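Features reported for this protein in Swiss-Prot:
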type: DOMAIN; residues: 152-454; note: domain 'NB-ARC'
type: BINDING; residues: G200, M201, P202, G203, V204, G205, K206, T207; note: ATP binding site
type: REPEAT; residues: 498-523; note: repeat 'LRR 1'
type: REPEAT; residues: 552-571; note: repeat 'LRR 2'
type: REPEAT; residues: 572-595; note: repeat 'LRR 3'
type: REPEAT; residues: 597-618; note: repeat 'LRR 4'
type: REPEAT; residues: 620-641; note: repeat 'LRR 5'
type: REPEAT; residues: 642-665; note: repeat 'LRR 6'
type: REPEAT; residues: 806-830; note: repeat 'LRR 7'
type: REGION; residues: 911-977; note: region 'Disordered'
type: COMPBIAS; residues: 912-927; note: compositional bias 'Polar residues'
type: COMPBIAS; residues: 934-972; note: compositional bias 'Polar residues'
type: REGION; residues: 1050-1070; note: region 'Disordered'
type: REPEAT; residues: 1090-1114; note: repeat 'LRR 8'
type: REPEAT; residues: 1118-1139; note: repeat 'LRR 9'
type: REPEAT; residues: 1238-1262; note: repeat 'LRR 10'
type: REPEAT; residues: 1264-1286; note: repeat 'LRR 11'
type: REPEAT; residues: 1310-1336; note: repeat 'LRR 12'
Amino acid sequence: MANSYLSSCANVMVERINTSQELVELCKGKSSSALLKRLKVALVTANPVLADADQRAEHVREVKHWLTGIKDAFFQAEDILDELQTEALRRRVVAEAGGLGGLFQNLMAGREAIQKKIEPKMEKVVRLLEHHVKHIEVIGLKEYSETREPQWRQASRSRPDDLPQGRLVGRVEDKLALVNLLLSDDEISIGKPAVISVVGMPGVGKTTLTEIVFNDYRVTEHFEVKMWISAGINFNVFTVTKAVLQDITSSAVNTEDLPSLQIQLKKTLSGKRFLLVLDDFWSESDSEWESFQVAFTDAEEGSKIVLTTRSEIVSTVAKAEKIYQMKLMTNEECWELISRFAFGNISVGSINQELEGIGKRIAEQCKGLPLAARAIASHLRSKPNPDDWYAVSKNFSSYTNSILPVLKLSYDSLPPQLKRCFALCSIFPKGHVFDREELVLLWMAIDLLYQPRSSRRLEDIGNDYLGDLVAQSFFQRLDITMTSFVMHDLMNDLAKAVSGDFCFRLEDDNIPEIPSTTRHFSFSRSQCDASVAFRSICGAEFLRTILPFNSPTSLESLQLTEKVLNPLLNALSGLRILSLSHYQITNLPKSLKGLKLLRYLDLSSTKIKELPEFVCTLCNLQTLLLSNCRDLTSLPKSIAELINLRLLDLVGTPLVEMPPGIKKLRSLQKLSNFVIGRLSGAGLHELKELSHLRGTLRISELQNVAFASEAKDAGLKRKPFLDGLILKWTVKGSGFVPGSFNALACDQKEVLRMLEPHPHLKTFCIESYQGGAFPKWLGDSSFFGITSVTLSSCNLCISLPPVGQLPSLKYLSIEKFNILQKVGLDFFFGENNSRGVPFQSLQILKFYGMPRWDEWICPELEDGIFPCLQKLIIQRCPSLRKKFPEGLPSSTEVTISDCPLRAVSGGENSFRRSLTNIPESPASIPSMSRRELSSPTGNPKSDASTSAQPGFASSSQSNDDNEVTSTSSLSSLPKDRQTEDFDQYETQLGSLPQQFEEPAVISARYSGYISDIPSTLSPYMSRTSLVPDPKNEGSILPGSSSYQYHQYGIKSSVPSPRSSEAIKPSQYDDDETDMEYLKVTDISHLMELPQNLQSLHIDSCDGLTSLPENLTESYPNLHELLIIACHSLESFPGSHPPTTLKTLYIRDCKKLNFTESLQPTRSYSQLEYLFIGSSCSNLVNFPLSLFPKLRSLSIRDCESFKTFSIHAGLGDDRIALESLEIRDCPNLETFPQGGLPTPKLSSMLLSNCKKLQALPEKLFGLTSLLSLFIIKCPEIETIPGGGFPSNLRTLCISLCDKLTPRIEWGLRDLENLRNLEIDGGNEDIESFPEEGLLPKSVFSLRISRFENLKTLNRKGFHDTKAIETMEISGCDKLQISIDEDLPPLSCLRISSCSLLTETFAEVETEFFKVLNIPYVEIDGEIFS
């Protein structure tokens, strides 16, 4: 399957020979000229048969051997041409540095070097190529020509990823189920977040589904904090914990030890409900998982961790409460997916019938794998001819057992240059996230972007190549900005297959023999010792790439000695890419100067103290990465000789100055930092010659500019390609003295005036500027492209620039203006009082740390100020007391802390100082998405109201009193929500500023309760809380002229009616009746519904007594029905629930008669998820047999419920129930005689059922049962005969006073039991565990509230070899001998055990290390 891109190689080499005058000049000698011609002839002769060789290599051994040989010869020929080009480049550098005499001497030396060094190599390569050319006829290769030009470039214009996000094919039920799991209120994991595992084979769509669910509006509203982390194969607790913390805080975390990180993360998440997704999780280490979970113990109940993984073992290790198994798609779903990506927006009915017939056969061949369907669709997209589809189908039929042939079809359709670029990506480890710049620089270094006769930048060519590969589904983009990407594992396998031996990725210390033909080598630092890895490749003499990757456990710098490096680099003179990043090297080896072909050198995060001058002889060098070299303070003086240098990264490196002559680096495209020296070094004028600079340029130490005229010489105004500019002064000493407007300050103003950039600039930042005012250009409307401005630490400024006239400005941050007192009209209009609309695009405005600011004067405008403002943040402005700005948009989120600002000057309404708990870190402010309020004590108070369990969609509102998302005023909340829990906040907030005609976003998750919205409109209101779409200009506030509803990505506005009649679909446009989701609140009549309705949510409709009569017949697509707090609703229409339902959720509907409405003759064959909570007061007997497909059943707080009924003769295969939960049912007495006929039941929870006397009979027969939780069932005394099911993995018995663990339970025989928790109710036990009680498999043991427990029985742990985690809680009489009673453990937690706490208080941390207990936690204090 390899070697599909050689024609690109040949074409490029022939073009180089034809077009490079320098090569011709170098090879003027008779022998070298002849060799160059022979090389060209061999390439031209071999090129036409390469495609034929590709096709036959997979089936004919001789052809495959020939192809491998000529590929190696081609690469050696590339090396020869590169050496010749390097010699020409060297001559050019010497010529520029010397005179005519030097030029003649240089020319003679160059020819001599060619004759002695290069010609012998050239002769060898030419003979090798000619040898392979002679065998073309022998093995029967022929010219290969396509009948037409492939249309891949045209197809790439309409990219699959451009389809509407969130639109699923064949996964609607999966999405609903997973959303319901996340919204459920699961109390199973006491003191820990619940874990949900999404399991499936590679390519089945785990990540895609989880990402869509992660962004679902209900999930976003439900969780206060959401985090997404790509875990990868080499899971590391420290790295992932750090990544989680950085994701939350949106700022760098410098802590370098795990316990401190965990404490910091625990504090950050304390009292918050969070959702964490660990994507592509591989780790099967129990100890790592236990250690990772430590930081989440203080989070709010209902927090969730979601794992996507391909291994069920991983789910067991993580103690997943719910394992969601991803299934393959049906053939119909595969066809829908293929047609969508192959035909774009064309409806299926419009597709050519012949194409459709062939396409459906192809869909069958995809075997239900979405990745395969999408990849093949990308290939078919460029082939509208049925003959092409038939050829694909015919070729496909023999590959039904493997995905790689499916993926290779797309690969075969790529042009040669893209094939070679894709193949190089096989050096990336699976799961490696790479950014656009990283990949393009690597392609450039291997010379894969060369286009003869093209004037385009190499970087632009590379970006196009990357975009085409993304469009063809070879890469998956991780963000909408197209900057981060990942390759699916199957695509990684494909890259490895097509690259063959020429790319080698080492992933462990079992070093195989690396083929001599290998050109590109990578390895994982965590799995491979560097010295071993480097020594293993010395025999690969033609190696071009050495690239180590930072897997999670390798973030700390590693040791690498010159003893290892020198022989390696001496042997590999053909290297183009070399990365030594993060290694603890202090000096570069001299052998580095022999790497004349090197184009990419990464020395970032090393400990080098200087960059030797010989580095400047590497004239091919294009990329030099020196970021975070903390000991490097200068660059070599001869750096100007690197005339091919295109990127110089100096971020985080403390350079004192730039060396003189840097202006000669005219190829430089990106320079991260230009440092101005105090007495020497390059001046600002040298920037003038660097006309191609792009990206963001930082100019540091501007206080060292001696004359303002130097700034003008920088020529920033003539740099149109710069996106961002940072101008930074450094303030020496204590800072400033108020009123000290001296000459220095004036000079700085003049310098800043001269540094006017090009109008195309997008982001601009000024730091520590000490001028008294800003130049006029800053704020000029001609800067139409600026979207972000940050002004920081401008201590002597007494006014702000007129940035209100920047038409595209979206983000403005003004920080630490220590003497500024007034923000006036000039801030909006400038000195000329321009009447252009100020701040017409501004979305975020932040003021921070301005101690003397006391007055804010805003203009009075007809349309209000800041028309697009989404967030206003004012922090640490203690003098600002006067009038709050009027006319803000109604949806603006306002954050105020450490500021006594009054809403109306002299009025009673004000924002009180109680809002000071808002995070004060400047870095964290822009990421805030809601207002956070705290109770007077600063501790959030959670509401104990009932919410959903796994498998059910919950009410959209959340009842955390300390958060709000609503567009209604507080006074408009329904009376039942204005409870004493909320009253405590009214005294703190007062009321909103009176000038807000429609109040800003403020409330605490009372979303959706807007009582003054016309009730007639309610049937067509939006998904919860009516949160405005930022892309839609329509208003959604009460009293406005339009309201919004969401139709799965389609936004529409509905006229606000004034009549009291219910609205019918006929009153609206056709597209509005296509609504799929509808939520209604606070209505008394619900008439007709949208015809295509799939989900109906009825909430808090006290006056609603009935549902639409035609609900059961007229809405065949209705799959989800949620009824919450409808206290007057008594029955379903037609005497039974709709039979089309898959999810039915009923809560707080006491009068609803559920059982009487069920018809014994009717099977509710579609219902899969059923939740009944605090409802149906007449529910006594639940007819389980009427629900054959029910997968999840939860009955909560149903006082009358007593038992289940099973229809006589029901077969064991009839009921599909997988999850059963019964809580707070005080009259539940028994289960059906003979037990539960639920062979698929995997999870069962019984909680607070005071009269329940026994578990189901034949419990042992429930062989699918994996987890069993028995909580607060005081009358259960024994376990049914036969004991527990054999496959049980998790057993929790809590507060069941009469259930005492005994050998008779047969726990010892449970070979799969991993997690055992016994909590309370064991008054007679003084020693635990009894010998022979515990199974060998138990991994985690928790014992709690054993009131009389005095000792641990060492013999009871004798056979428990797997146990790693033990938790002991609430055992006040327990005493143990640390070194004798405890089994070998990885994790030990002790809490509320007074005697044990005293014992361990005397033990040093080192003692635990001696005992081999890596993690010990005692009453929250960590010892490790």
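Glycine is no exception: its Cβ is also placed from the backbone N, Cα and C atoms.
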Can you list the residues of the same chain, besides G200, M201, P202, G203, V204, G205, K206, T207, whose Cβ falls within 8 Å of the ATP site's Cβ centroid?
T308, R310, M326, L369, P370, L371
What number of additional C-beta atoms lies within 10 angstroms of the C-beta atom of T207 (ATP binding site)?
22
Highest CB neighbour count within 10 A among the binding-site residues G200, P202, G203, G205?
G205
Whose Cβ, among the binding-site residues M201, V204, has more other Cβ atoms within 10 Å than any of the rest?
V204
Relative to the Cβ position of K206 (ATP binding site), how many further Cβ atoms are located within 10 Å?
24
Could you tell me the mean pLDDT over the repeat 'LRR 12' (1310-1336), as a whole number?
88
How many of the residues that make up the repeat 'LRR 7' (806-830) does DSSP mark as helix, as strand and as coil?
4 helix, 7 strand, 14 coil
For the repeat 'LRR 6' (642-665), what does DSSP give as the number of helix, strand and coil residues?
3 helix, 3 strand, 18 coil
